[in-house]
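**Student:** Take a look at the following structure, please.
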Amino acid sequence: MVRGLPSPASLARFCQRLNRLKPLEESTMETSLRRCLSTLDLTLLGVGGMVGSGLYVLTGTVAKEMAGPAVLLSFAVAAVASLLSALCYAEFGARLPRTGSAYLFTYVSMGELWAFLIGWNVLLEYLIGGAAVARAWSGYLDSMFNHRIHNFTQAHIGTWQVPLLAHYPDFLAAGIILLASAFISCGARVSSWLNHTFSVVSLVLILFIIILGFILARPHNWSAEEGGFAPFGLSGIMAGTATCFYAFVGFDVIAASSEEARNPKRAVPIAISISLGLAAGAYILVSTVLTLMVPWHSLNPDSALADAFYRRGYSWAGFIVAAGSICAMNTVLLSSLFSLPRIVYAMAVDGLFFQVFARVHPQTQVPLAGIIVFGGLMSLLALLLDLEALVQFLSIGTLLAYTFVATSILVLRFQKAPASSSPGPASPGSRVKEYHSFSDHIQLVGTEQASGPEPGQLRPALRPYLGFLGRGSPGAAVAWALSILVASAITLACVLVFGDSALHLPYWGYILLLLLSSVAFLLSLLVLGAHQQQRQQDTFQIPMVPLTPALSILLNICLMLKLSYLTWLRFSIWLLIGLAVYFGYGIWHSKENQREVPELTTTRYVVFPSTSLEETVQTVQPTSQVPAREPSPTEQPASP
């Protein structure tokens with residue numbers, strides 16, 4: 001071996017560290033945070049995260065530029081698509097009542113490195129999202145006072161012409177973030193009460209808009225003289241769906257808050273379902289009355305709802321709509337500031353992020369350091385940066401998190417359930433093997449033959465017909481099917497999004513690639529469906545697995561591929577920064593390092609290849625007792 005290069009064994013150990021999994025501790029309810037949130041609290045958190053500035057800005061933009069009055073269909077399809085991802089979050093949130101959301105879900109199923117990168121992207125999502133909402137909040141409030149705040153700032157400070165910086169500092173946006181951070185630091189109950197207030201006011205104002213909008217409705221605005229119901233056709237409806245999808249991305253705040261829920265197994269699925277239904281109903285009904293009040297082609301994209309009431313002679317209603325938009329944006333801002341420090345807290349508790357963020361205030365029982373540091377960083381972004389160019393950056397991180405959560409559902413469904421009993425001291429004669437990676441977890445399936453079929457094994461009714469799927473190592477068919485499912489989903493999404501012209505393929509090659517990727521996607525679904533899954537009676541589980549997560553994966557990849565190349569470039573740079581943080585700090589301070597220490601002092605099984613039909617198993621004593629040497633493949637197992 002070349003001097004200075006790592007040995008294959010050290011490289012294998014290093015790769016194993018990257019893929020090690022956080023133990024799946026489903027039953028634990030112990031936490032340093034305060035479990036004080038009810039189902040209503042979680043529901044209003046979810047509604048506040050979804051029904052925000054998008055209701056007052058997105059509806060007019062999509063209606064005028066993409067779908068026309070058929071924007072209500074775009075919102076309906078987007079709601080169904082979001083439901084696929086929401087169900088995945090609901091199952092994980094009920095099964096793992098710990099803070100961390102997509103980061104935690106990836107950690108227990110896909111591996112440590114992937115989990116860190118997902119958590120790293122979620123941090124940026126909340127930072128930029130909260131700062132952008134604060135900027136929009138400042139702009140709406142400024143417009144209510146005839147832009148006096150904007151004019152005052154420019155007159156006394158001036159404007160800047162610096163790339164990536166805003167034209168002028170937005171002190172109002174920075175101030176509202178600092179004020180919201182102060183309320184969040186007072187505890188979960190205080191922030192929940194504040195969110196209740198703004199959410200109830202926002203919902204009442206939305207109800208007011210719907211009722212008055214239907215009173216002022218003119219069905220003629222949907223007639224053929226005004227362009228018809230769907231002037232842009234099916235392509236316009238689907239283009240609007242891709243944009244409307246991002247209106248429903250706030251439901252993950254519920255999963256992120258599950259560690260503070262009183263009864264997360266029941267509250268999290270109910271809260272996600274109700275909040276998504278309320279948000280979908282609000283978006284569909286508001287977009288309906290908006291296009292019925294005024295012709296879709298005359299809408300003002302910047303303030304469509306308020307402008308519609310002004311044009312119908314109800315200026316007082318337009319002022320109420322502007323006030324309602326500010327309340328709605330307050331709830332989104334509170335949701336971002338509520339979730340962000342808890343994601344940081346989860347990563348710090350696991351040792352992947354700086355330990356100062358793992359401290360919980362003894363009185364308020366909130367991660368105070370994370371609230372102060374990241375609240376200040378968010379206010380700095382809102383103060384100085386031009387966030388319009390970075391808003392698209394939010395989408396790719398959110399969609400990537402959705403994709404990994406859906407994949408994690410498939411991984412956990414087909415792996416053996418952990419023992420429910422609490423681990424006790426190991427008996428002297430016990431032998432324990434640790435499983436640290438995704439492949440190990442898949443191989444764990446079927447290693448113990450019980451009376452009933454284990455998760456990941458072929459269904460008994462199908463064994464006479466599909467017995468060849470079980471001839472390999474345990475779990476190999478499931479692992480291969482899952483890998484092919486993801487690869488075929490990526491290929492199929494590229495074919496559907498880019499088409500034959502962008503891929504520079506002849507028409508027959510395009511059709512062949514479409515058929516092959518579709519067949520591979522369907523066959524992998526059938527192979528997964530032929531294997532036994534985990535069934536838990538007392539916890540919510542997604543229906544129609546593996547179909548539901550697979551459709552979520554395919555949809556999320558399609559939406560990611562529709563983003564610009566510049567967005568992917570910025571995303572790659574952010575990932576490189578995250579990798580530097582992980583390899584510089586996280587991998588060395590991970591709590592999983594402490595779990596590996598007992599392996600040096602406990603007896604382990606090591607399996608060596610053998611020429612016989614049965615594997616030769618040798619018991620290896622601690623390195624301090626037995627000199628290190630390379631055993632031969634034909635050695636017999638030593639007596640314990």
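Note that the numbers count up from 1, one per residue, in the order the chain is shown.
Even glycines carry a Cβ here, placed using N, Cα and C.
All annotation found in TrEMBL is predicted automatically rather than curated by experts.
Per TrEMBL, transmembrane segment is recorded for 70-90, 171-190, 197-217, 229-255, 267-296, 316-345, 366-385, 391-412, 477-498, 510-530, 542-565, 571-588 (among others). The domain 'Cationic amino acid transporter C-terminal' annotation in TrEMBL covers 540-590. Summarising the annotation, TrEMBL assigns compositional bias 'Polar residues' to 616-626. Annotated region 'Disordered' per TrEMBL: 616-640, in sequence order.
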**Student:** Mean pLDDT, the domain 'Cationic amino acid transporter C-terminal' (540-590)?
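**Tutor:** In the predicted model, the domain 'Cationic amino acid transporter C-terminal' (540-590) has a mean pLDDT of 90.
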**Student:** Should anything in the same chain at least six residues away from the transmembrane segment (197-217) have a Cβ under 8 Å from its Cβ atoms, list it; otherwise answer none.
**Tutor:** 44, 47-48, 51, 55, 278, 282, 285-286, 288-290, 292-293, 305, 308-309, 312, 314, 317, 320-321, 323-324, 327-328, 330-331, 334
**Student:** What residues elsewhere in the chain lie close to the transmembrane segment (510-530), defined as a C-beta under 8 angstroms and at least 6 residues from its ends?
**Tutor:** 410, 414, 458-459, 462, 466, 469, 477-478, 480-482, 484-485, 487-489, 491-492, 495-496, 499-500, 503, 546-547, 550, 554
**Student:** For the domain 'Cationic amino acid transporter C-terminal' (540-590), jot down how many residues DSSP puts in helix, in strand and in coil.
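**Tutor:** Helix/strand/coil tally for the domain 'Cationic amino acid transporter C-terminal' (540-590): 40 helix, 0 strand, 11 coil.
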**Student:** How about long-range neighbours of the transmembrane segment (571-588): same chain, 6 or more residues beyond its ends, C-beta under 8 Å?
**Tutor:** 17-18, 112-113, 116-117, 120-121, 124, 351-354, 393, 396-397
**Student:** Thinking of Cβ pairs under 8 Å, which stretch from 171-190, 267-296, 391-412, 477-498, 542-565 has the most of them with the transmembrane segment (70-90)?
**Tutor:** 267-296
**Student:** Of the stretches 171-190, 229-255, 391-412, 542-565, which racks up the most C-beta pairs under 8 Å with the transmembrane segment (267-296)?
**Tutor:** 229-255
**Student:** Quick one: do the transmembrane segment (542-565) and the transmembrane segment (391-412) have at least 3 Cβ pairs under 8 Å, skipping pairs fewer than 6 apart in sequence?
**Tutor:** yes
